[in-house]
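Undergrad: Heads up, here are the entries from TrEMBL:
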- 126-177: domain 'Spondin-like TSP1' (DOMAIN)
- 195-242: region 'Disordered' (REGION)
- 200-211: compositional bias 'Basic residues' (COMPBIAS)
- 231-240: compositional bias 'Basic residues' (COMPBIAS)
- 292-346: domain 'Spondin-like TSP1' (DOMAIN)
- 589-648: domain 'Spondin-like TSP1' (DOMAIN)
- 990-1032: domain 'Spondin-like TSP1' (DOMAIN)
- 1239-1292: domain 'Spondin-like TSP1' (DOMAIN)
- 1367-1426: domain 'Spondin-like TSP1' (DOMAIN)
- 1471-1510: domain 'Thrombospondin type-1' (DOMAIN)
- 1520-1566: region 'Disordered' (REGION)
Amino acid sequence: MGDECGPGGIQTRAVWCAHVEGWTTLHTNCKQAERPSNQQNCFKVCDWHKELYDWRLGPWNHCQPVISKSLEKPLECVKGEEGIQVREITCIQKEKDIPAEDIICEYFEPKPLLEQACLIPCQQDCIVSEFSAWSECSKTCGSGLQHRTRHVVAPPQFGGSGCPNLTEFQVCQSSPCEDEETMYSLHVGPWSSCSMPHSRQVRQARRRGKNKEREKDRGKGVKDPEARELIKKKRNRNRQNRQENKYWDIQIGYQTREVTCTNKTGKAADLSFCRQEKLPMTFQSCVITKECQVSEWSEWSPCSNTCRDVASPKGTRVRTRIIRQFPIGSEKECPELEEREPCASQGDTVVPCATYGWRTTEWTECRVDPLLSQQDKRRGNQTALCGGGVQMREVYCVQTNENLLSHLNTHKDREESKYQSTSKSSAAPFLSITFEITASKPVDLKSCTGPVPNTTQLCHIPCPIECEVSPWSAWGPCTYENCNDQQGKKGFKLRKRRITNEPTGGSGGTGNCPHLLEAIPCEEPSCYEWKAVRLGDCEPDNGKECGPGTQVQEVVCINSDGEEVDRQLCRDAIFPIPVACYAPCPKDCVLSMWSAWSSCSHTCSGKTTEGKQIRARSILAYAGDEGGVHCPNSSALQEVRSCNEHPCTVYHWQTGPWGQCIEDTSVSSFNTTTTWNGEASCSVGMQTRKVICVRVNVGQVGPKKCPESLRPETVRPCLLPCRKDCIVTPYSDWTSCPSSCKEGDSGVKKQARHRVIIQLPANGGRDCTDPLYEERACEAPQVCQSYRWKTHKWRRCQLVPWSVQQDSPGAQEGCGPGRQARAITCRKQDGGQAGIHECLWYAGPVPALTQACQIPCQDDCQFTSWSKFSSCNGDCGAVRTRKRAIVGKSKKKEKCKNSHLYPLIETQYCPCDKYNAQPVGNWSDCILPEGKVEVLLGMKAQGDIKECGQGYRYQAMACYDQNGRLVETSRCNSHGYIEEACIIPCPSDCKLSEWSNWSRCSKSCGSGVKVRSKWLREKPYNGGRPCPKLDHVNQVYEVVPCHSQCNQYVWVTEPWSICKVTFVNMRDNCGEGVQTRKVRCMQNTADGPSDHVEDYLCDPEEMPLGSRECKLPCPEDCVISEWGPWTRCTLPCNQSSFRQRSADPIRQPADEGRACPNAVEKEPCNLNKNCFHYDYNVTDWSTCQLSEKAVCGNGIKTRMLDCVRSDGKSVDLKYCEELGLEKNWQMNTSCMVECPINCQLSDWSPWSECSQTCGLTGKMIRRRTVTQPFQGDGRPCPALMEQSKPCPVKPCYQWQYGQWSLCQVQDAQCGEGTRTRNISCVVSDGSGDDFGKVVDEEFCTDIEPIIEGNKKMVLEETCTQPCPGDCYLKDWSSWSLCQITCVNGEDLGFGGIQVRSRAVIIQELENQHLCPEQMLETKSCDDGQCYEYKWMASAWKGSSRTVWCQRSDGINVTGGCLVVRQPDADRSCNPPCSQPHSYCSEMRTCSCEEGYTEVMSSNGTLEQCTLIPVVVIPTVEDKRGDVKTSRAVHPTPSSNNPTGRGRTWFLQPFGPAKSQRNPKEGKTTD
């Protein structure tokens, strides 16, 4: 109920009484006793319960077979049987570990699966190896036993059958025994556990009476105070030693064993039956076993995570305990002394953890030169490069919440100080947090995680767009420089051009245009003048029909730019006067109209040049003989006039480049920053430039010569970009000095700090002058404190108490074997005391605390200890010796002088040192000498990095002594390597020629293409830049559209000559003839056609006719003018529409003359003949065109607009423009040329540690990474990203156990004995093939004594020597290979298993009943393999062969192969084949040998083998009689007839046999 969480809630439900048919009735109709409850207690689950409750998953139980499927089992098990396994799942409260209702856990997570399918694998029977060879006979004489054993290869699993006997016996006989066989053996039992002798009080009570008197006497004797002081010091030292040895409670006790005499049946007998002089010892001193004792756990340490971290909220905390007492003689190690568990810091005081993030510096300037290829000529001059480039930046790591943490700490400090100094009321109030906006200091790069920001990027330097201008216009008329102010001003003729492409500064561009206006001073300027448009008809004077008259000119008023203006403006201009003309009368000479004036021959007039224009007219008809006006002479048919009479002195204003932007103090600064070319600008400045007046081809002249009002500006405002100061981060923290001491490292250590430039200075900002790197010497590190074990003197030798020794020899003397202990303490190297735990960590193994000792008895021989060996003089084959001497009474004993038993001198050969060096392993990669490459402005110039050239490769040298043992390489006077110079070839880029010149535009009118090419000069090699795509002749082309002006070259015609009459019609002045004219190709200019050029430059299709047929009218005939132009066809062209032209009568006919015709010509408008449609056409886009100074980046694609006539010919654009056709195409578009970025690599990492600490195969590796992948046609990344070189060869030293000795029972034949083994120091080369060669132990002194991963060395262990006749277990076999359960080579997931076994050995058959069981032991393993078992069979030998089971690794085994598939080992026939020439076939039936045929009985058995007769049938060539056989079957080629001419036929006998068998194949043939 309510909002509370947890238990105590109530759930309700409705309960009602219902009739069996379903309708509701009264409650009283139902039994009240059976009424269900309408409410129950419940647990209300809230979200925070998720932390308190969880599902507990029990383990899966055994796989049980599915009942329905287990009924029908297949004969042969393949994979196993399907089963089901179940587990328990409960909801628990985690803290109290008590069960809870499932509904609580189900609220957060569905209940996990309770059961799952599983597999019960096939039963696997025990598999054993083959038997070993038979052992030797157990007895050297008489009847004995010999045995052979086998071991278990795979244990029985999943209900498989158990292992067979691992031992087999057989009786063996040797020669009869001469002596009587010994029936009895001396048997020693195991030692008892170590026990303490009686307590000191009991022993002292016995001796107290005796000792009192002695002590009195002893005390009296020591009167000397110095002696007393010495005794006192000794006692103190002993007490201190005992105290220092508090970690080891060493107590020496004793242990006993039983010695019995047994007969060969194993029964005990009296000791007298075992005849032996010296019986084994039945007692010995021993050390009481003590278990390890540790203290209680300490308190938990604070959580390692002292701050709040979202990413990893858990830290760890630790608690420790210390060893109070170390174990003595115990197998158990001490328990763990440290325990860790995860924890999370709690509470409000926990500050957030420091967080780190990447920061980047400003990008450097954009640079193009790294993209240039090796051959690019622009590498020499990089100032004007533009387009795509590369820029770099540095990445560093900073603490991102540094300010927040420092604020929180400050806040905390201030809060604390507020409480401490409440009296100081004048303290400033605490202000809210303020962040100073500064760069954070760099920290170690390893602190930052996550992707590293990129350090290079593509950038773009805008290319300068050079100014492009139109051609000059024609010279204008003489006009005032300013028509609005004409007072006293000079006159100028002007010509102009306009800017067609605005310039931009860009990189290396001038941004300046050439002058756009040229002026020539002139006289009599005017601003407006009349311009004749058309000459009117010749009107004869006085209204006559013919004769002299005038022509009136049609005029318009134009301004100095040639534009038509209001006629009123020309009121002051001179109006053109009417022109005198002559309208021919009948029979008068008729002349044509004057042609238009030609273009002026010169643009100006000087001393040697004068501008002229010509016009001409021709004779159309001659005059009659009588009365007509005659034609003028030829000079009157041409007129010349002067033109462009102004002098050739052309002036123009010339501008210099704009100067630097200088701050203009007169203009107030901007209130806001504006942007100028994408950069913030902070103030207004002024720019000036020089403007001078220049006379063309002369130089600077006075400014008055140029039109003042058109002078360009010399000053303009500009925006000054903001100053940028150098900004650097604060210094990083000092790098740490070495915190741990280092032995033998005397070098001065330094620590450093650095900072990073994050903004470079620009526009006159403050330079970066402060150092970016500082270093200082570290304080001297503490001297390494090393520790050593100090061993104290051995205490007295403790014997077994005399009460235990009883009557044994030496018991009364107090001599014999015993045990003694000593104290050990931990010392610093300087002798100062240290805690025992320091030595456990740093001082190596603990020295022995006890040792066996001997108190010599009277009969024992006593010697001094062995001396050290004498030194070797270095000669090969020399010997060294060591000595000892007999001591005391032993000198007098003869047996002690026996040098065979007790040698006094020992010799050994000196080491004979001869060394030879051998190279091992492969050569390393070619490695360049290490050195820093100069890096310019943080930019690695591509292709200039030292990645190639001469390097060295290395091969390791190994040094061996004369016994083939690996030794330090220094013994061979080698530094460990053979060094060899090598070359890493430098990459060479693809080399192409320079671009050829552009070809001419493919079209003289309209849009065409022009082409240029490069060709291959050298292919790339060694990873140089690849070539662009080349054609079949190894060329690469660039094709761009081009446009030729259609009227660039024009045909110019002179007037037709007079018609030369070829057919004389009675008179010579009229009739049909031919007339000609000159047609020339001329270059068209703004001033009209000027220079004569080659005819091919003009369109040949457009070339006007140079000659034509003509008709010269007779004097009395009508003369009409030249045909006028054709009228235009109406569009669209249609044959139903016409065009026409007309001619006007010039001279009326005389009375008898031919009348004037109707001078109108008409023709239909035929498409593509005299009528054309026009349309715009757009070319394809060009390739992406870059500036000449760019390598890549932004370019422009262009296309051209053509006006195309309907016959496909390109014509002048004006034809389409006149029709007003739509043209909404974009002619230019931006495009990108991918930049050829060479692959950039990081520096090589430092060399790694050696992969092996010793041996021949160690390698050091260094790596580099791709910092910038290649792009476009850049140089690809090399494949070699990792280099290796061999490590110097070091010998591998290790401790190695020797073989166990045989079990030795001292002074007895059987029972419990000991076996021992040694450890030796061996050297190997680290390979698996080298098992090590023994060397002096001094080589292993620095190696921790660990063998087979175990620190505890076992050099002696108890063993049992069986008595003659005992039945005993053999030693354990070695562990089998790890085997896993598989089906068809697929692991079923049951894990691997290894097995070992012990076989039973019987020495006497009658003791079989006393034999132990054979033993089997298994353990799980990881690196298992699948093995398969299959039957193998030898070749048949007669009717038998050997069949065995083999494992897939080649081992022969028993078990493992399926019995149902076992091949036959015997194939004898039943009954046997006794008939001559018969044998038993593979089918186990009797067959006949080759050449014989079977004769079968009625019941199908062989009765006899009959020889088959042979008949030779001659062939056609033999010319013999044809022998025919009616029963021949199966012809076969004869074996003795190589030519194949004859054939042998077998004759099949008549009889009951239906078939014939081939004994070789065992197949039946019909």
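Don't overthink the numbers, they just go from 1 along the chain as shown.
Note that Cβ sites are derived from N, Cα and C of the backbone, with glycine treated the same way.
Each of these features: where is it, how hidden is it, and who are its neighbours?
TA: Broken down with DSSP, the domain 'Spondin-like TSP1' (126-177) shows 0 helix, 21 strand, 31 coil.
Mean model confidence of the domain 'Spondin-like TSP1' (292-346) amounts to 82 (pLDDT, 0 to 100 scale).
Sequence-distant neighbours of the domain 'Spondin-like TSP1' (990-1032) (same chain, 6+ residues past either end, Cβ-Cβ under 8 Å): 373-375, 377, 948, 1038-1046, 1048-1049, 1097, 1099, 1177, 1179, 1200-1204, 1209-1212, 1236, 1238, 1273-1276, 1278.
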Undergrad: How many helix, strand and coil residues does the domain 'Spondin-like TSP1' (589-648) contain under DSSP?
TA: 4 helix, 19 strand, 37 coil
Undergrad: Give me the DSSP three-state residue breakdown of the domain 'Spondin-like TSP1' (292-346), ordered helix, strand, coil.
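TA: Taking the domain 'Spondin-like TSP1' (292-346) as a whole: 0 helix, 19 strand, 36 coil.
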Undergrad: Tally the residues of the domain 'Spondin-like TSP1' (1239-1292) by DSSP class, grouping H, G and I as helix, E and B as strand, and everything else as coil.
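TA: When I sort the residues of the domain 'Spondin-like TSP1' (1239-1292) into the three classes, I find 0 helix, 19 strand, 35 coil.
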Undergrad: Which residue counts does DSSP give the domain 'Spondin-like TSP1' (1367-1426) for helix, strand and coil?
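TA: Computed counts for the domain 'Spondin-like TSP1' (1367-1426) are 6 helix, 30 strand, 24 coil.
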Undergrad: How do the residues of the domain 'Spondin-like TSP1' (990-1032) split into helix, strand and coil according to DSSP?
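TA: Each residue of the domain 'Spondin-like TSP1' (990-1032) counted once, the result is 0 helix, 16 strand, 27 coil.
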